[in-house]
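S.K.: For reference, TrEMBL lists these features for the protein:
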ACT_SITE  ASP78  active site, charge relay system
ACT_SITE  HIS119  active site, charge relay system
ACT_SITE  SER295  active site, charge relay system
DOMAIN    372-508  domain 'P/Homo B'
Amino acid sequence: EFYCTVKNVLDQEGFGRQKRGYRSIDEIYIKMTDPLFSKQWYLINTGQADGTPGLDLNVAEAWGLGYTGRGITIAIMDDGIDYLHPDLASNYNAEASFDFSSNDPYPYPRYTNDWFNSHGTRCAGEVSAAANNNICGVGVAYNSKVAGIRMLDQPFMTDIIEASSISHMPQVIDIYSASWGPTDDGKTVDGPRELTLQAMADGVNKGRGGKGSIYVWASGDGGSYDDCNCDGYASSMWTISINSAINDGRTALYDESCSSTLASTFSNGRKRNPEAGVATTDLYGNCTLRHSGTSAAAPEAAGVFALALEANPNLTWRDMQHLSVLTSKRNQLHDEVHQWRRNGVGLEFNHLFGYGVLDAGSMVKMAKEWKTVPERFHCVAGSLQDVHKIQSGGKLILTISTDSCHGKDNFVRYLEHVQAVVTVNGSRRGDLNINMTSPMGTKSILLSCRPRDDDAKVGFDKWPFMTTHTWGEDPRGTWVLEVGFQGDEPQRGALKEWTLMLHGTQSAPYIDQIVRNYQSKLAMSKKEELEEELDEAVERSLKSLLSKN
Ligand SMILES: *[C@@H]1O[C@H](CO)[C@@H](O)[C@H](O)[C@H]1NC(C)=O
Ligand SMILES: *[C@@H]1O[C@H](CO)[C@@H](O)[C@H](O)[C@H]1NC(C)=O
Ligand SMILES: *[C@@H]1O[C@H](CO)[C@@H](O)[C@H](O)[C@H]1NC(C)=O
Ligand SMILES: *[C@@H]1O[C@H](CO)[C@@H](O)[C@H](O)[C@H]1NC(C)=O
Ligand SMILES: [Ca+2]
Ligand SMILES: [Ca+2]
């Protein structure tokens with residue numbers, strides 16, 4: 001048989017993409033008739049299922065202010081959506097939906113008797129399940145529209161399917177939620193290919209009338225054996241990568257840690273209590289109490305961002321990241337492995353949870369008053385291209401001193417993302433670990449050991465490790481990279497490149513917010529005077545100035 005095929009399709013090489021999380025709660029101040037509402041501890045945690053009261057997305061405050069996602073469309077890029085589901089049908093945006101797995105406009109999940117394709121439907125309910133209709137529970141943004149983009153249910157993923165999905169109707173879809181990525185087997189290093197990278201770049205630059213598509217990404221379910229900085233989707237600057245906490249504030253056992261994660265939401269508990277899972281819609285008009293994984297966490301974030309966009313439709317893709325950094329809360333999250341630390345401008349972060357758990361109430365309040373952050377610049381701070389040997393027992397320490405392009409058009413003074421593009425090989429890739437310390441003294445763990453990764457050939461080839469932990473810092477000074485092997489066997493390897501890329505603004509973000517704060521606090525009115533004080537103010541922590549808590 002011969003098919004007439006267009007060249008683009010012939011060029012598509014098949015590769016593996018796995019959806020995550022497929023493993024096989026009383027009303028207080030908000031009145032809802034939905035039977036599962038009281039089980040949705042992630043919305044309002046009163047201590048259901050042995051959880052910690054108050055550890056939730058604080059949606060009640062946002063809803064109380066009138067934000068419910070009206071006018072916002074969120075696309076679930078997954079295995080389809082049961083759009084006939086009575087809790088989803090009224091919020092389904094059919095025009096913005098598409099099925100890229102079978103190339104038609106109807107992203108209905110393919111039937112299997114084990115309900116394998118229930119993932120998208122469960123994610124959709126977390127965002128947009130209707131409220132007060134006596135069915136299942138309530139979405140985080142229960143008046144938002146949800147679009148289905150079916151793209152996970154074909155034998156192989158292709159670059160064209162991914163690219164088409166994330167660039168589908170970017171003027172109609174505001175937020176794209178993805179709970180999938182390279183295999184979480186603890187030995188894969190993979191990311192978006194050429195077309196998908198281009199589609200993401202176009203999305204953030206041109207989507208939503210130039211304000212940028214919001215891409216929300218699950219950080220991955222590989223557990224302590226994996227590192228989400230080896231997942232090029234989660235570690236992209238253009239995605240907001242979301243990890244999960246369980247209902248008592250601990251990490252979930254499947255959580256991966258990495259320096260690119262921005263914030264967290266909630267997923268199922270470690271306990272066997274069936275009500276500690278995520279309650280949402282399920283296939284064929286059913287409901288479930290058991291949605292799980294960081295898969296369940298990403299759509300919650302998409303829902304919170306929909307509330308923020310309703311509060312201020314002018315928010316850009318970067319504003320959304322700044323708002324996440326500034327308003328996420330440590331709350332009662334605790335990570336047994338990594339301490340909470342403060343970066344050089346006082347922002348508190350954790351290697352697994354990022355800047356903490358999203359707080360919908362704080363986010364919509366800040367969104368409402370928000371002024372778009374200043375223009376973004378990119379500076380190559382330095383690049384080392386000589387071969388340096390690395391051996392077990394010792395570590396390689398390299399430095400780059402930079403003025404961050406000071407005096408040039410692309411000077412970066414206030415950091416957003418930082419990337420370390422690294423080429424390194426080793427006799428066992430999984431034993432490699434890499435840390436980077438900023439001039440203000442913030443250490444980011446760029447790569448942790450991955451005990452299952454025994455690659456001895458490929459290593460990392462110009463891999464862009466990303467950190468969000470130096471957000472707001474002044475990048476000028478000396479950056480230190482430390483590379484070493486951990487593990488039982490002696491290893492050796494070589495680092496061939498470290499290029500340091502700084503991304504951020506020249507002028508201070510939040511200046512208007514800080515001015516307002518000073519105006520009220522100190523009854524001062526001249527912006528010029530305030531600008532002189534600003535550096536100091538930034539050091540004293542933008543976060544406290546911005547009335548966190
Ligand atoms: C829920 O699923 C079961 C199969 O497990 C099915 O028999 C039942 O009809 C479904 N409920 C609804 C409301 O469709
Ligand atoms: C959004 O931007 C427009 C045009 O710049 C402005 O008139 C409007 O007040 C802004 N809305 C918010 C909520 O900031
Ligand atoms: C790593 O690269 C160096 C320099 O190119 C090479 O000499 C060495 O054999 C490589 N090591 C491994 C384990 O591949
Ligand atoms: C990187 O930091 C981690 C955590 O502090 C530490 O365990 C590890 O030894 C460090 N690795 C290197 C190469 O400095
Ligand atoms: Ca409902
Ligand atoms: Ca992973």
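Even glycines carry a Cβ here, placed using N, Cα and C.
Heads up, TrEMBL stuff is auto-annotated, nobody curated it.
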S.K.: Taking just the CA atoms, what is the gap between SER295 (active site, charge relay system) and HIS119 (active site, charge relay system) in Å?
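M.R.: Taking the Cα atoms only, SER295 (active site, charge relay system) lies 8 Å from HIS119 (active site, charge relay system).
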S.K.: Tell me, by DSSP, whether ASP78 (active site, charge relay system) is helix, strand or coil?
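M.R.: SS state of ASP78 (active site, charge relay system) = strand.
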S.K.: Do you know the mean pLDDT across the domain 'P/Homo B' (372-508)?
M.R.: 97
S.K.: Check SER295 (active site, charge relay system) against DSSP and tell me helix, strand or coil, would you?
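M.R.: The residue in question, SER295 (active site, charge relay system), is helix (DSSP, three-state).
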S.K.: Tell me whether HIS119 (active site, charge relay system) sits in a helix, a strand or coil according to DSSP.
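M.R.: Where HIS119 (active site, charge relay system) sits, the three-state DSSP reduction gives helix.
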